[in-house]
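These come from TrEMBL:
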- 181-205: region 'Disordered' (REGION)
- 187-199: compositional bias 'Gly residues' (COMPBIAS)
- 243-408: domain 'Hflx-type G' (DOMAIN)
- 249-256, 274-278, 296-299, 363-366: GTP binding site (BINDING)
- Ser256, Thr276: Mg(2+) binding site (BINDING)
- 486-505: region 'Disordered' (REGION)
Amino acid sequence: MANAPGGQEWQERESRNALKHVLGLGEKQDVTEVEYRQVRLERVVLVGVWSSMETTQTRAEESLRELAALAQTAGAEVMDGLLQHRLRPDSATYVGSGKAKEIARIVEQLDADTIVVDADLPPSQRRGLEDVAKVKVVDRTAVILDIFAQHATSREGKAQVELAQLEYMLPRLRGWGGSLSRQAGGQAAGQNGGIGSRGPGETQIEMDRRVIRSRMARLRRQIAQMAPAREVKRGSRRRHGMPSVAVVGYTNAGKSSLTNRLTGSAELVGNALFATLDTAVRRAKTADGRLYTYVDTVGFVRRLPTQLVEAFKSTLEEVGEADVILHVVDASHPDPFAQIDAVNDVLADIDGAEGIPRILAFNKTDMIGTVTRERLTELDPSAFLVSAATGDGVDALRHAVESLLPIPDVHVKALLPYDAGALVSAVREYGIVTLVDYRPDGVYVEADVDDHLAARIVDRSIDTDDEDAVDDMDADAVDAVDAAGAAGAADKIPVSHTAPATPRE
């Protein structure tokens, strides 16, 4: 390539940077679509820069290995990985002019067609490196966005990913399109345009920006319209008094596999980074028969693009409303505690997550030796060592999770009509039942339930003179039921509030 004539070089570059039209960006079909280069990660060379003031060589090498896994997940063949130590990235080419030429020679020798940089590159640095290397340059953010676009399956997930892609693309349009054709400017406006009509016109980039902003506004409206349905599902679980466990962790730590093992689910799990993007909710039962859920969330990663953090707030909302957070870590990873720190950094930004009980579980222990097991135990004695593949340690982990779940603390005695069968079923599923007695005039239940379910029972109960059902209700119980939405209905049945329950052995 280096010996090719200049014109041929640029023709080859244009071929590599083939333009494609992105359909559906405009509100109308006759609006110009945004043209941008297709991110086709095929034969790639990885490039990273690190400074001893910010990190260590070991951490930098691990970050580059992670980038290799990301690129492979996106469909690339990683040809080589290059790491440079310098005080700060070069403002023009990220790596400096001399290193950029060296990278260009390596790219030519390996017949690579893409450079993937382990950073979030400003457009000017990306263009500067491209001008020297004569191949396409993409950054870490683009790779992650590409993976998310491949794996999103739900309508909301796809909309969130597209919004994140457009937010990423908007400031980079000059490099992703390049056409500066004018609309109705200069002589192109014709002789009949009149004074004032022959201005500079609207450039293609300006038009593309307008189209992108319009599409982004439309996506935000769509996502906002989907939010109530998501809240209805969460509200239904809360209304039934169903506790939840948020399963969090670094991408590919085995969260989905472990969730399947804990719940007995047979869902297929992909062995790839970000195999799970859309929140999955799976049911489980405690030893005493109460239902609760495991919420399998999107995997975290170091330097998760800010566009995706914002886009997937809906997924992370589940974490802030959980009763327990189960943090899953890949025990076979060379630096698991760096991954733990990355996850904790994300959790720190989630409203409500700070005060939620947490359990740390090192997964994939079937892939480590005795020395590593002992080291992990010494570093965090409270952590659980488990294997989703073999089931080792899973029962102990499940018991620990269930011991932290809230136990219903409102005791109810009520006679319910026979047409309240669904409510009786809810008491069986979500409460701790003492008695269910089918009587001529209805179904008599005694159970410990949560505030929301108690309010529903109060609302449907039948007035009774049965003295056995009478139990004075204390002020806490009244407040609890009233707060759950049953104000004024508490005199229908006796409800007694028990002392806060302690975790069961």
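Here the Cβ of each residue, glycine as well, is placed from N, Cα and C on the backbone.
A map of TrEMBL features onto the structure.
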residue	record	DSSP (3 states)
Gly249	GTP binding site	strand
Lys255	GTP binding site	helix
Val298	GTP binding site	coil
Lys364	GTP binding site	coil
Identify, in sequence order, the residues in the chain of Lys364 (GTP binding site) that are 6 or more apart from it along the sequence and have a CB within less than 8 Å of its CB; answer 'none' if there are none. Ala253, Gly254, Asp330, Ala331, Ser332, Ser387, Ala388, Ala389
Local Cβ density at Val298 (GTP binding site) - other Cβ atoms counted within 10 Å: 23
In chain order, residues whose C-beta lies under 8 angstroms from the C-beta of Gly249 (GTP binding site), counting only those at least six residues away in the same chain, are Lys255, Gly299, Phe300, His327, Val328, Val329, Asp330, Gln339, Val343
In all the protein chains shown, the tally of other Cβ atoms within 10 Å of the Cβ of Ser256 (Mg(2+) binding site) is 26
C-beta crowding around Lys255 (GTP binding site), within 10 angstroms: 30
So for Asn252 (GTP binding site), how many other CB atoms are inside 10 Å of its CB? 23
Distance, Ser256 (Mg(2+) binding site) to Val298 (GTP binding site) (CA atoms, angstrom): 10
